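As recorded in TrEMBL, the features of this protein are as follows:
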type	residues	note
DOMAIN	87-139	domain 'G-protein coupled receptors family 3 profile'
REGION	341-374	region 'Disordered'
SIGNAL	1-20	signal peptide
TRANSMEM	46-73	transmembrane segment
TRANSMEM	85-107	transmembrane segment
TRANSMEM	119-139	transmembrane segment
TRANSMEM	151-175	transmembrane segment
TRANSMEM	195-214	transmembrane segment
TRANSMEM	226-248	transmembrane segment
TRANSMEM	263-281	transmembrane segment
Amino acid sequence: MRTHQVLAFLLLLVIASVASENASTSRGCGLDLLPQYVSLCDLDAIWGIVVEAVAGAGALITLLLMLILLVRLPFIKDKEKRRPVCLHFLFLLGTLGLFGLTFAFIIRIDETICSIRRFLWGVLFALCFSCLLSQAWRVRKLVCLGTSPAGWQMAGLALCLMLVQVIIATEWLVLTVLRDMKSACAYEPMDFVMALIYVMVLLVITLGQALFTLCGKFKRWKLNGAFILITTFLSLLIWVAWITMYLFGNAMLQQGDTWSDPTLAITLAASGWVFVIFHAIPEIHCTLLPPLQENPPNYFDTSQPRMRETAFEEDVHLPRTYMENQAFSMDEHSAALRTAGFSNGSLGKRSSGSLGKKPSSGLGNRPSAPFRSNVYQPTEMAVVLNGGTIPTAPPTHTGRHLW
């Protein structure tokens, strides 16, 4: 009896200790999870779980697109589609970085996390917008001239444009953290936005360049320019929204720093999905499509000018062919006479021997109908070459031999 009481008392102690530990941890998180990553599973702060799921799905889609492009690369035969493949990989790499950076705004901050936030935000966006600007330059060349720059030129332009933001972000961290000995997390929202002015300039230039991709004589590439225009326009709307909310909206709603991290995390996830849906997927789809076949001319389209390889005059001025066709026509005429029952000289004898007598047939003295060989009959090829309409006979027509 005493043993059972001791066991029951120990069981109660274990339950009480577990309950106290669960009370100290967030709802939805395990006991062994570090406090720094509580926001990834805290059911009381549901925004972190939602943004985490959206960013994780975007990262998986981006990796899948990179794998598809890598596998299908040997089968891309069109040189105009093979040139920007390196640029596509850079753009997908930047998009993948945006999805990964989203998690840095969900977990609890420290010196390392704050430094990563401040450095990578502008650099990753600069990489994506630089790739979009290079793509707009490429599509404009294709629309106007039909040829695009070399692949290394487009990739080099994107990397050089991104390098400017790398220098800006590095200088900002060095001046505020190392020289002034301030904490990496101690910065004002206005300072964060001012360090991104170069990225905003890239976005506006890309939008202006994308407008010119819709003007040109090669309409085949205008769809690519339209997707670049849509992507940059939606990105501009997102940037206007998050800057307004980050600088003024949170203060007006009296949320302060409470909504700063959710605002930036949502911006990263939304921008990544815009890049994937409106640029990455259409570009890769167009790249993997087989080259278009040249459409044969539609001879039955009467709106087009009539096409014929040789003129009637060229056929008439061929004496040898004309004589051969004339001989063939005479043979056909003779065969038709024999078939009708008129041999050589029979017509004259019948006329002389039947004077005063009633003809045995009603067709004896009637003039014969014109033979088929002397009637102009266009062939199927003549109708096709004449644009679908039945042509008239040429002035020098003597029979079917011209066709």
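Numbering starts at 1 and runs along the chain as displayed.
Cβ coordinates are placed from backbone N, Cα and C, and glycine is handled just like the others.
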The transmembrane segment (119-139): which same-chain residues, six or more beyond its ends, come within Cβ distance under 8 Å?
83-84, 87, 90-91, 93-95, 97-98, 101, 104, 148-149, 154-155, 157-159, 161-162, 164-166, 168-170, 173, 192, 195-196, 198-199, 202-203, 205-206, 209-210, 212-213, 221, 224-225, 228, 231-232, 235, 264, 271, 275, 279, 283
Contact set, same chain, for the transmembrane segment (151-175): CB under 8 Å, 6 or more residues outside the stretch:
82-87, 90, 115, 118-119, 122-123, 125-127, 129-131, 133-135, 137-138, 184, 191, 195, 198-199, 202
Among the ranges 85-107, 195-214, 226-248, the one whose Cβ pairs under 8 Å to the transmembrane segment (46-73) are most numerous:
85-107
Over the span of the domain 'G-protein coupled receptors family 3 profile' (87-139), how high is the average pLDDT in this prediction?
93
